Amino acid sequence: MSLSPRLYTQVSRLPRELLTACSITLATRSFSVLHRPAPNYPGHVPLTSIERGGLAVGSAVMAFFNPYRADLIAACGEATATPYFIYRLRDAMLSSPTGRRILRDRPRISSKTLSMPRLRALPPNTVGRCYAEWLDREGVSPDTRDSVKYIDDEECAYVMQRYRECHDFYHAITGLPIVREGEVALKAFEFANTLLPMTGLSMFAVMSLKPAERRRFFTIYAPWAFANGLKAEEVINVYWEEQLERSVEELREELGIEKPLDLRDIRRMEKERKKAQKAT
């Protein structure tokens, strides 16, 4: 079926990950872009149920084969969070005085809202210093998080955005690196704590790990992730901007999070052991 010039123009403006993930849907039914409801907030892309399902399946499959495509992971997270899970997370924030303040204030986390030089100058062992050092060590920036597009409720869209922008703080206080093994461990913790389906689906990436990494995940990091994720306070309710000068150990204790074994040290010692074996 050929597209009229007007319809082609409308379709071409849709986000790339939606067009890619929903290619089967587009091939089997008339695309309803001309009748799409008005967006509920800037950047919002309303989806039908079929489009949402196509986006969820397509982005999940492609993200499994290319886990470094952050846009696909973000799209999968949004498509699978509704209708129930993102509302549960929003309600968890509404049930907390701090969560309600976050929803009222709508803070954003980026290099524009956080002064990285100031964080680097904070005393050692503070949350802000720990966060800045983790970003520097891993070579990442707080400005890399995609904006939410596919969640219809404007308040829930902010909840997803907040979760997304706080992800690096979870890395920082647990010490888990951004290597695939560390990401899988953190996603397991997030799943136990937030119940967002995308975090659970991300654990299938354990199948792509090396045998030694899989053993470490199942014997060390999965037990840590589920035990701590279930017993810890809801991490979505942490007002990180107000915790920057606190002791990171004190905050972990308050949240009920035990720091896992240092994955970078384990990987380094494993590499040295293999190197020594080859030398002999």
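Glycine residues also receive a Cβ, built from the backbone N, Cα and C atoms like all the rest.
Note that this is a predicted model, so its numbers are computed, not measured.
As recorded in Swiss-Prot, the features of this protein are as follows:
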BINDING   His167, Asp168, His171, Glu183  Zn(2+) binding site
TRANSIT   1-31  transit peptide
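Location within the structure of each feature annotated in Swiss-Prot.
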{"residue": "His167", "record": "Zn(2+) binding site", "contacts (Cβ under 8 Å, 6+ apart)": "Arg145, Leu186, Glu190"}
{"residue": "Asp168", "record": "Zn(2+) binding site", "contacts (Cβ under 8 Å, 6+ apart)": "Tyr131, Trp134, Leu135, Val140, Pro142"}
{"residue": "His171", "record": "Zn(2+) binding site", "contacts (Cβ under 8 Å, 6+ apart)": "Trp134, Glu138, Pro177, Ile178, Gly182, Leu186"}
Within 8 Å of the centroid of the Cβ atoms of His167, Asp168, His171, Glu183, which other residues of that chain place their own Cβ, given that this set defines the recorded Zn(2+) site?
Phe169, Tyr170, Leu176, Ile178, Leu186
Secondary structure at Glu183 (Zn(2+) binding site), reduced by DSSP to three states
helix
Note down the number of other Cβ atoms within 10 Å of the Cβ of Glu183 (Zn(2+) binding site), including every protein chain shown.
19
